[in-house]
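Trainee: Features from Swiss-Prot:
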- 98-113: compositional bias 'Basic and acidic residues' (COMPBIAS)
- 98-133: region 'Disordered' (REGION)
- 114-133: compositional bias 'Basic residues' (COMPBIAS)
Amino acid sequence: MSSNSVVYWGTGRRKTSVARVRLVPGNGTITINGRPGDNYLNYNPAYIAAVKAPLETLGLGTEYDILVNVHGGGLTGQSGAIKQGAARALCELSADNRKPLKTEGHLSRDPRAKERRKYGLKKARKAPQFSKR
């Protein structure tokens, strides 16, 4: 990457994961925390497809490299955070990209998170065994 090349930034969040995504003109390689993307995501096709989805929606799969710093959570949350961060970076690239990305749902934050444990219960909703006597 040359020092004068254009870089587009986007931040994504999912569950407890936070991803800072940079889009750089290139050939479509994905680098996550300094490792190749498919290696970092354990070669799981669902995670890899989720990361590439925003670029594929716009047909830019081989035009930009994705460089990511991500922390927190597991691979599901991290891949979702990277997807949202890449979509936000593509919106920064051009305002025309926003509508198709929004239609496909790449820009919306998934609000689902782990439910808190309540006192008197073993887990969030699991109650101790009921005894009549």
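Using N, Cα and C of the backbone, Cβ positions are placed for all residues, glycine too.
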Trainee: Can you name the far-off residues of the same chain, 6+ from the ends of the compositional bias 'Basic residues' (114-133), with a Cβ under 8 Å from a Cβ of it?
Mentor: 15
Trainee: Run through the compositional bias 'Basic and acidic residues' (98-113) and tell me, per DSSP, how many residues are helix, strand and coil.
Mentor: 7 helix, 0 strand, 9 coil
